[in-house]
């Protein structure tokens with residue numbers, strides 16, 4: 001720790017940071033543009049000028065760029081120095097020369113870093129009288145708006161998009177005054193993280209396009225801390241809502257998980273909450289037709305159904321722990337299903353067991369970024385867990401640190417570090433059946449069928465530790481590859497092995513666990529990350545339950561009177577014949593959901609549930625971190641949380657020991673008692689009794705507008721705002737708000753003078769470090785069980801001459817159930833194709849082939865992809881055939897030429 | 001004693017003064033143009049709505065009686081709805097001060113009494129007038145950088161033509 005003097009005030013600082021960071025951490029207001037905590041310093045904007053003095057006797061000092069000057073112990077600097085102030089005022093005046101008079105019609109207005117910094121610098125009057133430079137804009141697709149006139153040339157966008165996120169289709173064009181940031185031609189930004197440009201850009205060049213269609217100023221929107229449910233990474237988000245609808249989703253910083261970045265699926269996937277088709281009233285089937293009914297009638301109907309026979313509940317991996325637990329309480333643990341069919345059920349339950357039994361760290365995303373060797377085994381993480389893929393990409397940047405340290409270049413000196421790191425070997429080893437987005441930056445890539453990859457994994461483990469079982473009959477190239485990968489991993493200090501359920505292969509999971517255990521035995525500090533498919537797959541694995549196959553067996557035996565399916569579209573889990581069998585054997589079907597699924601149309605009783613934005617709950621992410629999401633909107637009856645519906649159903653049916661919960665905390669407490677594995681979930685966030693300075697927390701910014709007019713068209717009389725019993729938030733702008741509030745309870749970022757998301761700096765203990773009020777969530781899984789080698793080594797994959805092994809190839813957009821309903825995401829989802837490694841005779845690229853998949857006869861255009869191993873075909877899951885999700889052998893029937 | 005007499009005398013003197021009180025409503029006093037009365041939304045010289053739904057009036061309003069929602073057509077922002085609850089309005093004029101486009105203006109009309117409070121809720125149709133109000137020449141989009149129908153990039157006041165990115169000239 002060093003001490004620096006800022007305007008005569010002694011402040012603690014770290015010697016591995018720069019003066020700008022030190023000033024911001026000390027709470028000083030120093031304007032800046034091009035520096036970003038995750039992108040480092042490049043010294044492009046010259047805005048953070050301060051005066052540094054060489055010693056106590058130096059009265060003259062010199063102007064330095066704070067972001068490019070390392071902290072040294074005893075450094076003396078002045079932010080308030082008249083010369084430094086004049087310098088900064090000059091810089092912002094230059095930057096503003098071409099800035100258009102757009103603020104009233106700019107979506108960034110009110111949360112604009114440029115506005116904040118201009119005000120902070122004191123530039124209030126325009127002196128430049130000449131013409132402003134203008135630019136034509138581009139159409140950048142359904143996510144991002146482009147308004148190049150507003151650009152101040154800080155280069156943050158391309159540094160994020162190209163250097164950080166690995167995108168290639170956004171670049172800087174032109175020079176000097178003509179500088180232009182865009183694509184080489186109009187078109188959607190291809191990178192999975194393009195939405196972050198809206199937060200990274202300090203002004204309004206890149207703005208959120210779907211948000212612009214339902215725009216509201218930042219100060220007018222209620223905020224609530226939430227957790228993204230569109231994959232298993234569990235990125236922390238802020239949901240902004242106004243007048244009963246979700247307006248946008250923003251990133252909420254979590255030191256260990258998503259940090260500053262959110263993927264486009266998470267950012268733009270919330271559109272399903274405002275769908276017009278969404279069920280909004282309980283619906284009962286009468287004479288074959290669905291009829292909307294009241295809550296009381298619906299519950300009476302449920303009671304009548306429950307009297308007909310046992311109730312069986314099918315839970316969901318996209319529903320919260322609390323909803324699943326309420327269903328488990330209604331049906332009883334012996335009649336509660338995870339909602340997963342085999343083999344996914346067993347594999348999902350295997351994941352936490354493996355993480356507990358393998359002597360390796362279960363890493364957070366930030367931990368993964370620090371890995372010095374990464375083996376990706378089978379999983380295409382860039383689509384199944386996009387933010388995790390981005391974390392793996394950052395290992396490349398870490399690879400440059402040794403060279404930077406040797407050259408005595410500070411790590412925040414971004415451009416220099418990247419330049420020094422160009423020769424550093426990549427730590428990424430990607431072994432997958434199909435090409436992934438990580439391939440271009442990987443040191444080694446290898447294409448093979450999942451079983452062959454698993455065998456390779458076992459062989460690698462054996463070559464690291466001889467006691468691990470070896471895969472027999474490896475080919476010569478595979479033996480060599482296994483040897484070289486084993487040597488690479490063995491040489492690393494913090495190796496990481498990543499795999500997942502993408503190919504529904506237990507062998508891959510076992511092989512990865514063996515490698516991690518072998519690395520541990522070899523004396524390194526390994527980490528093992530297993531990616532599960534859905535937002536709460538891990539929570540469901542910890543809760544446990546029956547597989548869908550067991551429910552089908554029960555139905556066949558006539559043991560089901562009423563089947564309650566909660567937030568689970570069984571048409572995605574079971575093929576049509578199996579589902580028909582199940583439903584025909586069940587007298588009553590009750591569906592609780594917040595989207596109109598094909599299953600909901602077949603329900604005898606449909607109860608409308610709340611989506612994530614209207615309810616609170618807990619999700620467990622793929623590393624076993626329980627995280628709480630809280631409602632941004634008050635659900636209006638008859639919409640209710642799934643757990644409220646289920647509790648009322650239990651009471652209506654007169655179930656013995658029917659729960660009498662009145663708020664979320666009681667559900668969580670009951671869950672902690674009954675499911676010991678989830679006991680820790682109670683600590684995921686402070687409960688509804690939390691008070692800051694003796695008050696509830698405000699959910700709206702203090703300057704929210706229109707309170708006495710927004711409902712005046714309905715009634716001019718004030719009404720008390722509905723207070724949710726599930727959150728510690730007040731329903732209005734009344735309440736406490738502080739930079740030291742718990743990380744799990746931050747509804748928006750704002751501090752005086754800092755209205756943009758850059759105000760986050762004030763909420764962190766140190767820049768890029770944990771939140772002042774503590775990080776959100778709590779980890780439920782760590783290694784605590786004895787380990788044994790896994791020995792189920794599969795036989796090699798042999799391609800059949802006339803059949804293909806069809807693997808699911810999930811899409812970033814279009815596979816995940818909820819986000820696909822969001823219009824901007826749907827606009828980016830491309831039609832399904834069948835990708836083949838080898839074309840059968842007589843077929844050409846683009847021909848349409850017919851085949852049977854998951855009980856459906858489908859026709860798909862084929863695309864020849866020579867990079868695929870022979871005998872392998874790829875098809876996006878749930879698209880062409882709704883129930884297709886796990887590898888299956890297919891036989892192609894003839895061809896029709898289109 | 002003296003004070004009482006003095007007061008009587010001063011009152012007596014007022015008998016000769018001109019009367020300030022007028023017989024409203026038969027007689028209506030002239031009000032200055034900048035009198036802060038009923039709020040209107042004006043149009044720009046082209047007849048388009050001036051309001052760009054920037055929300056600054058709403059946030060400036062100390063009694064929070066203005067509410068609106070932004071909508072957009074061809075680059076032009078406009079309010080989808082614009083509502084003023086005059087039963088709350090204190091006619092302070094801060095909305096007019098805040099307005100960057102001279103759209104919202106206070107007028108010298110105060111005769112807005114109603115028997116029902118709900119009749120004091122004015123929607124955009126009630127607020128929008130057909131002229132430019134106190135600022136006849138101002139058009140916000142002529143000085144803003146965004147492109148709207150009839151005004152391409154580089155055609156606003158003091159704007160250079162759009163940069164040609166393909167040129168090789170320095």
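Using the three backbone atoms N, Cα and C, a Cβ is placed for every residue, glycine included.
Those TrEMBL annotations? Automatic predictions, nothing curated.
Per TrEMBL, the features are as follows:
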| type | residues | note |
| --- | --- | --- |
| BINDING | B:51, B:54, B:57, B:99 | [4Fe-4S] cluster 1 binding site |
| BINDING | B:61, B:89, B:92, B:95 | [4Fe-4S] cluster 2 binding site |
| DOMAIN | B:39-71 | domain '4Fe-4S ferredoxin-type' |
| DOMAIN | B:80-109 | domain '4Fe-4S ferredoxin-type' |
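Listed in sequence order, the residues B:39, B:57, B:60, B:62, B:63, B:65, B:66, B:90, B:91, B:93, B:94 complete the 8 Å Cβ shell around the [4Fe-4S] cluster 2 site centroid, once B:61, B:89, B:92, B:95 themselves are left out. DSSP assigns residue B:95 ([4Fe-4S] cluster 2 binding site) to a helix in the three-state reduction.
Just so you know, of the binding-site residues B:51, B:54, B:89, the Cβ with the fewest other Cβ atoms around it within 10 Å is the one at B:89. Chain A comes close to none of the binding-site residues B:51, B:89, B:92, B:95, B:99, judged by a C-beta to C-beta distance under 8 angstroms. Taking only the Cα positions, the spacing between residue B:92 ([4Fe-4S] cluster 2 binding site) and residue B:99 ([4Fe-4S] cluster 1 binding site) is 14 angstrom.
The Cα of residue B:95 ([4Fe-4S] cluster 2 binding site) lies closest to that of B:57, out of the binding-site residues B:51, B:54, B:57. Cα of residue B:51 ([4Fe-4S] cluster 1 binding site) to Cα of residue B:89 ([4Fe-4S] cluster 2 binding site): a distance of 19 Å. Cα spacing between residue B:89 ([4Fe-4S] cluster 2 binding site) and residue B:57 ([4Fe-4S] cluster 1 binding site): 12 Å, rounded to the nearest whole number. Of the recorded residues, residue B:61 ([4Fe-4S] cluster 2 binding site) and residue B:99 ([4Fe-4S] cluster 1 binding site) place their C-alpha atoms 11 Å from one another. Applying DSSP to the domain '4Fe-4S ferredoxin-type' (B:39-71) sorts its residues as follows: 5 helix, 11 strand, 17 coil.
Mean pLDDT of the predicted structure over the domain '4Fe-4S ferredoxin-type' (B:39-71): 95. Residue B:57 ([4Fe-4S] cluster 1 binding site) has a Cβ environment of 26 other Cβ atoms inside 10 Å. Of all Cβ atoms in the protein chains displayed, 24 besides its own lie within 10 Å of the Cβ of residue B:95 ([4Fe-4S] cluster 2 binding site). Between the binding-site residues B:61, B:92, B:99, B:61 has the most other Cβ atoms inside 10 Å of its own Cβ, all protein chains included.
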